[in-house]
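Taken from Swiss-Prot, the feature Mn(2+) 2 binding site covers ASP15, SER65, ASP441, HIS442. Summarising the annotation, Swiss-Prot assigns active site, phosphoserine intermediate to SER65 and lists sequence analysis as the type of evidence. What Swiss-Prot lists as substrate binding site is HIS126, ARG156, ASP157, ARG188, ARG194, ARG260, PRO261, ASP262, ARG263, LYS333. Taken from Swiss-Prot, the feature Mn(2+) 1 binding site applies to ASP400, HIS404, HIS459.
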Amino acid sequence: MTSTPVSPVVLVILDGWGYQENSDGNAIATANTPIIDSLWTAYPSTFIQTSGKAVGLPAGQMGNSEVGHLNLGAGRTVPQELVRIADAIEDGSLATNPALDKVCKQVSQASTKLHLIGLCSKGGVHAHSDHLLALLKLAKEHNISQVCIHAILDGRDTPPKSAKDEILRLQKQIAHIGVGQIVTLSGRYFAMDRDRRWDRIQQAYDVMVNDQVAVPRDWSPLDAITDAYDHKTTDEFLPPTRIAPGAIEAGDGVIFFNFRPDRARQLTQAFVDPKFDGFEREQVKPLHFVTFTQYDSDLPTDVAFKPQNLDNILGEIVANHGLKQLRLAETEKYAHVTYFFNGGIEDPLPGEDRILVPSPMVSTYDQDPPMSAAKVTEEAIAALDKRIYSLMVINYANTDMVGHTGMMDATIQAVETVDGCLGKLLNQVINVGGTLLITADHGNAERMWDETGNPWTAHTTNPVPFILVEGEGRKIPAHGTDVQLRADGRLADIAPTILDILQLPKPEEMTGSTLIQAAGFEVRQNKSPVRIHR
C-alpha cells in the first residue's frame, strides 16, 4: 500500500540576506537577482525584524544566525544569553552563580591560576567584553592573584581593525580593578573554528598551554596587534601569540566566557574531552573548566548559565502529529537548522531527517563564493521528489559567509549563486504542489562597507524579506488568491505561519502570530467565496 504523496511547506533561509534602500555598497541590490525580484513582485511579500528586542536581544543589537534560527524554530521571542548574563551582572546574581563561585573558590584555596578565555568584543554575537570585566571583578572579590586572560580578537562581528581600542579599554580596567593580565592573543579564525579545521584550533591550544613559546622582551598586546596590521593581517586572522607567562596547567581553573556554543565547542573539546582526536596533545588534568553556556551536553564541564527549556517548538509539533520533516544545510550552517532550530536539542526529533553537505575547504569563502549551494539544491530537489516530507528547512550560507569577508565582488557572486539555486528549487516545489517560504535570519550582505568606505564584515540591524509562494497542493485555507501578509512581523511569527499553512494547532507557548492576515472573505458550504464587508 503506497502512502499519499505529500505537498510540503519548504522554508528557505537565505543566511545574511538583509534589505536596505541604499544601493551603495549593497551586494544584494547590486547583484543580478531575477528570481527573487520576480517572486517579491508576484507573490505576497513583506519585511520582518531580526534584531534587537524582536529576537530577545538588547535594543539596537544586531541579530545573528544562532538567535535567528532559535526564534524561527521556537515561534516565540527567546530571551538571549546576552541579555540573561547582562541581567545577572546588573542584579548581582553573577557573584553567586554556583558554577562560577565554585571554580573561583577552588582556585583561591589552592592558590592556582584562573584563566579567562573568550572573544574580547563588543559585537555581542559570541561574547561581550563587559562580561570579561565582570569576571575580573569576581576574581578580585575572591582574592585570586593570578588571573590570565587568553584574549580572542574579533574583526568579524566588529570592524576588522577594532582590537586596539578593545585591548586598551581592557588594560585600563585591569589597572583599575587591580587583577588580570593578558597572556595570549589569537584571532577568532584560529581559536573559534567550527568546521573541524583542527590545525587552526591546535595553534590556539598550543599557545595557551605552552609557556615555552619565545616572547620578545617588552612585547605587549598592542605590539602584537600593530605587528599584525603592518603585515596586512586584521584582527580575525591574528596568529595565536604568547604575550606573557601564564600557561594553562594541571590544577588551574578555566572560564570560557563565550555564550554562543558553535564556535567555542572545538577548543573546549581539546581541553576536556578524554576521547579527543582532533590532533595529538597531552590532556591538561585535573582542570576545573567552566563554560558560560552549555556548548555540548556531552562535554564534561560545569555550566554557568544552563539551557532554557523550550517546549512545543515547531519541530516538536510537526513530529507529534506524525509528520516527517527534513533539515538541510552545508557544514557552516548545519548546526543552525538542527541544534538551534530545535531549541538546543542535539538529537533529531521523531520523523526528522538531516542532510549535511560539506562546505568547501578554503581559508576564506571569498575564494569560493558558490560554496556548496549547488549540492544543497541538488539534495533538496531529490528530497522533494520523495514526496514524504511535510516540512523542509533549508539554509543557504553564501550571503552570510562570503559577506563576512568584506569582499564586494565575491559577495555579489554569492548572491547571484543563491538566486540561481532558488530558481531551480522553486521549479521543483511547484512541481510537487508545495508552498515555498523564503526569508533570512539576519542582514549582512546588503552592507559591505561603512560610512568611511572601509569593509564592513559584521551583521546589520536591517529587516529581511519574507516571501510566500503558495502551492496548488498546499493551499492556505479560506484565502483563495487573496493572501495578505502583516507588515509588523518578526522571526518568531514564521513558525505560527507554517503551522497555519499545515493546518496544525498553535500551542500556547508560541507567542508569535501568523503573518497571514485574516481573509477578507469566507468559504460557504457551496465552496463559493463570499466577500466580508468590514
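Don't overthink the numbers, they just go from 1 along the chain as shown.
The backbone N, Cα and C atoms fix where each Cβ goes, and this holds for glycine too.
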**Rounded Cα separation (Å) that holds between ARG194 (substrate binding site) and SER65 (Mn(2+) 2 binding site)** = 14
**Request:** Measure the Cβ-based neighbour count of ASP15 (Mn(2+) 2 binding site), defined as the other Cβ atoms within 10 Å of its Cβ.
**Result:** 26
**Asked** Beyond ASP15, SER65, ASP441, HIS442, what residues of that chain have CB atoms within 8 A of the centre of the Mn(2+) 2 site's CB atoms?
**Response** ILE13, GLY16, THR50, GLY63, ASN64, GLY68, HIS69, LYS333, HIS336, ASP400, ALA440, ASN444, HIS459
**Prompt:** Compared by Cα position, which of the binding-site residues ASP157, ASP400, HIS404 is the closest one to ASP441 (Mn(2+) 2 binding site)?
**Reply:** ASP400
**Complete:** Listed in sequence order, the binding-site residues within 10 angstroms (C-alpha to C-alpha) of HIS442 (Mn(2+) 2 binding site) out of ARG263, ASP400, HIS404 are ASP400
**Message:** I'd like to know which of these binding-site residues, ASP157, ASP400, ASP441, is least surrounded, judged by other CB atoms within 10 A.
**Reply:** ASP157
**Prompt:** Among the binding-site residues listed here (ASP15, HIS126, ASP157, PRO261), which has the Cα closest to the Cα of HIS404 (Mn(2+) 1 binding site)?
**Reply:** ASP157
**Fill in**
Listed binding-site residues HIS126, ASP157, ARG263; those within 10 A of HIS459 (Mn(2+) 1 binding site), CA to CA, turn out to be ASP157
**Request:** Name, in the order they occur in the sequence, the residues of the same chain whose CB lies under 8 A from the CB of ARG263 (substrate binding site) and which sit 6 or more residues away.
**Result:** HIS126, ARG188, MET192, ASP193, ARG194
**Asked** So around the Mn(2+) 1 site, ASP400, HIS404, HIS459 aside, which residues have their CB within 8 A of the centroid of those CB atoms?
**Response** ASP15, GLY16, ASN64, SER65, ARG156, THR399, MET401, GLY403, HIS442, ASN444, ALA445, THR457, ALA458
**Fill in**
Least Cβ-packed of the binding-site residues ARG194, HIS404, HIS459 (other Cβ atoms within 10 Å) is ARG194
**Request:** Fewest other Cβ atoms within 10 Å: which of the binding-site residues HIS126, HIS442 wins that one? Let me know.
**Result:** HIS126
**Prompt:** What Cα-Cα separation, expressed in whole Å, is found between SER65 (Mn(2+) 2 binding site) and PRO261 (substrate binding site)?
**Reply:** 12
**Message:** Run through ASP15, ASP157, PRO261 for me and report the binding-site residues whose CA is within 10 Å of the CA of ASP400 (Mn(2+) 1 binding site), in sequence order.
**Reply:** ASP15
